[in-house]
Amino acid sequence: GCPRDNIIFLGDLLTQKPVMMLDGHDDGVLCCAFSPDSRLLVSGSIDNTLIVFDVSIGKLLHRLQGHQYLVCTCGFSCDGSLIVSGSGDNSLIIWSAKSGLPLGKLEGHSKIVSCCSFSPDGNYILSASADRTLILWDTSTGDKHRQLRVHFDVVLSCCYSADGSRIVSNDKRAMKVWDALTGAQIFSLPMTQSSLSTDGSYGIRTPPERRFNLCVFSPDGKNVISCASDKTVTIWDPDTGEEVLCFYTRHPAIALSAGPYSLVAFGDEVGNIYIAKLDTFLPKKQLEMLQAEYRMGESTPGWHGPSTAWGFSPGISRAQPF
């Protein structure tokens, strides 16, 4: 988890204790991601750099320098050999995870890159931007494969399903699921919805200030999870767009990650981190890192400010299902 300072906290889901704190950035950490084997962690910061840590020994391996503005998003390829990062300088950079050297720069967005990820097969990179577009890049050539101009506001997040067949993305007003092969839209879910009474005499409309913050696919691809400004974390059917389950938090969630064993973790704007189980979607634990405890049903901030990023270790060899 990453609060809005230069410290990254690692916690163990089995022992329910913090494992280590990693530092090295000169300013706030905005994003972090584990390698597929859980050995490496990459983080991006307001200081314009990324850092690759070996979390098995808590050692800083590489400092990646190449962006001209803050690093908003980062991720590993599925084989762990490559890292991609997106920045406020409107570009993406592909890095060697082994050497820390830049391998290529992807330029095509006209505004800040808000999110990026590799396709499961590693052939493509998906990026989202404040320019309201999504771009699919060919990893081997760096060329644009497809550009989707379908959102009407800043695209806040994007994510592949585990089998690579679908993409989910959202702006603050709508969440959309796409066919990754054709770019065809499967469904669009508006955040602001209206309905009329049967006689047409009155209408109901959701508040205009309600907005999506983030969305991700569950690891098995059977669900899409979203968090929103109205303090909800919701599970959706990715085929129909129907709501499956909904959980209300005490504060809006601004960091979201789906992990193994049907677990989902989300961090809110005051520093709490929650872990919930998708099949029941009852809150299981609330992590208070400073006192190294998980708490149930309490609001006890564990960060020095909002949790801006959160991620599961893909292997989670020490974790067990709740």
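Glycine residues also receive a Cβ, built from the backbone N, Cα and C atoms like all the rest.
TrEMBL does not curate its annotations; it predicts them automatically.
Now, the feature entries from TrEMBL:
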REPEAT    22-63  repeat 'WD'
REPEAT    64-105  repeat 'WD'
REPEAT    106-147  repeat 'WD'
REPEAT    217-246  repeat 'WD'
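Mapped onto DSSP classes, the repeat 'WD' (22-63) shows 0 helix, 25 strand, 17 coil.
Across the repeat 'WD' (217-246), DSSP helix (H, G, I), strand (E, B) and coil residues number 0 helix, 15 strand, 15 coil. The DSSP breakdown of the repeat 'WD' (64-105), given as helix, strand and coil counts, is 0 helix, 24 strand, 18 coil. Each residue in the repeat 'WD' (106-147) gets a DSSP state, and the totals come to 0 helix, 23 strand, 19 coil.
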